[in-house]
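Working notes, beginning with the structure itself.
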Amino acid sequence: MTGACSDVITLEKRAFHIWCPLPGTASRFMMLCMSRMLRRGSGIAARLARRDRALSLAGLSCRHYSTETAPHIPGMEYQDAICTLNTLQTNASALEQVRRERSNPQLQLNAMRAFLERAGLVVDELDHLNIIHVTGTKGKGSTCAFTEQILRNYGFRTGFYSSPHLVQVRERIRINGQPIGKDLFTKYFWQVYGRLDETKDAHGGTMPAYFRFLTILAFHVFLQEKVDLAVIEVGIGGAYDCTNIIRRPWVCGISSLGIDHTQILGDTIEKIAWQKGGIFKPGVPGFTVRQPEGAMPVLKERAKEIGCPLWVCPQLEDYQPDCGPLHLGLAGQHQRSNASLALQLSHTWLQRRCLPADHSFPITTVENNGTLQAPAFSPSPIMVKGLADAKWPGRTQTLKHGEVTYFLDGAHTMRSMQACVQWFRETAAQHERSASGAVARVLLFNATGERDSAAMLKLLVTCHFDFAVFCPNITEAIASCNADQQNFNVSVENMLTRCLDNERSWRLHNRLGDDEGTQLLIQDSLPRLPEHRGDTLVFPCILSALQWITQGRDSVLADPAKTTLAVKQSVTAKAAPLREAAEIHVLITGSLHLVGGALKHLDPASSK
């Protein structure tokens, strides 16, 4: 065995050892998971064979056929659909195709159009969806949530496509604010998958990758369900994102920009702004919030090149509603710019819907730098109510379960983490003022991909946590088929290594030493520090971390249906401050996938 392999296995065992002292448990767990998936996979393969025969008998061997006549395949259930969808995460040809296309990004859009046509759709049909297209680095999902709620309050039938999902994949595709039902998802999934699968041999065996497939599926669902409009959130970037096959949106918007996905979008704010501005379309009104220095000139130049009139949104306090001050359903000061952008997007969409074409552009003023300033109109009572009613789980969300309060925010960039820290400090302080006694603060953190987790953790140090807990984005360390939250693109070893790196960074930020944290994971008796602030632990999954943090004080986590495995006595002893505190406040942040995994356990209704 090579030294590198040995190091990886040691890291894996260290993280699992704190929770389950039996050697080799991690390996047996992984083998059991794989066994379960293989057994399930054989069943799916048999059903796919029956599906292929059904397609053949139905006469669907032709490459082009109507979206209205595609059948739902009997016997193919929701979990079968999700497990099949997950195969697109690791489809070797799809991954190789994406790698090739990164050197020529225009190929991405060409490939997306080809996949769309193979699925029985054409780009022209998307024009009928009356789309609002939104991109940005921070706040694009919240902007979409505000916008969709406002227009739904006007009585329109809305479609909303977003990513990633928190608990179930079907959250990404919403009708009238609700994730489409399992039956509807299953029906439309097999219609689209069947067409793509049937035509793959004629196209080199290619299938669309995970996000591309879901984007095609969303368009198909919205067309079939005859929505009045579709709010479409960009996946990554804009110019070459697969949602950008949209040719004629009714209006487009750009939320706050920052540094993220640098390997794909570039490593400067100017390069990222160029990518984001790629969603502009000729003659289509565009709106943006105030941007960091360097970004706005690029957006203005992109808009000029494309022929898109671009306006900058006013501050939220500049709006003058007739029915009192504006209240937002999403917490945090950073949501104010998202709400302003949503007001401009929904207002412009309504103008285009209800007024002649020559009245669809806002009256503007011009600032000294030549930027068009959108007017701060008087929002209607329906708009005001829409802003107040908006919900967007996992973003500045608070859940109180008796003596334990959870603060959930999927912040995963420096700017979004700054906003998260500000929100948590203000909100937690409000809760602490009403607490009956001492409060223990706990951070539950994970970060993935290329993100600078050490820098984000440095921001979180100012929140003065008593414990910092780290775990991978694995919901529970048992062999359950939780297909909605499986990620085959990252190995367990990589996830655990990242957790240990994060734990070490936290200890360094708190001046607790570099080596001591790792020792805490593997010694039989854990030394008690003079102060609890900054104490750290690494757990193998989200459930085990939550159960240790709450110490049996959350009845939802104490549900007998949730497996509880033995924790070493020394680790139990370390939790004495948590048991003695009157209340426990837990900030869960660093990754939307971590927040989603936590919500699966904390909000059981989200899994139904």
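Keep in mind that glycine also has a Cβ here, set from the backbone N, Cα and C atoms.
Pulled from TrEMBL, these are the features on record:
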- Ser163, Glu233, His261: Mg(2+) binding site (BINDING)
- Arg395, Asp409: ATP binding site (BINDING)
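Recorded features from TrEMBL, shown on the structure.
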residue: Ser163; record: Mg(2+) binding site; CB count, 10 Å: 19
residue: Glu233; record: Mg(2+) binding site; CB count, 10 Å: 24
residue: Arg395; record: ATP binding site; CB count, 10 Å: 27
residue: Asp409; record: ATP binding site; CB count, 10 Å: 26
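When the alpha carbons of Glu233 (Mg(2+) binding site) and Arg395 (ATP binding site) are compared, the span between them is 16 angstrom. Put simply, Ser163 (Mg(2+) binding site) is 15 Å from Asp409 (ATP binding site) when counted between their Cα atoms. Taking the Cα atom of each, Ser163 (Mg(2+) binding site) and Arg395 (ATP binding site) are about 13 angstrom apart.
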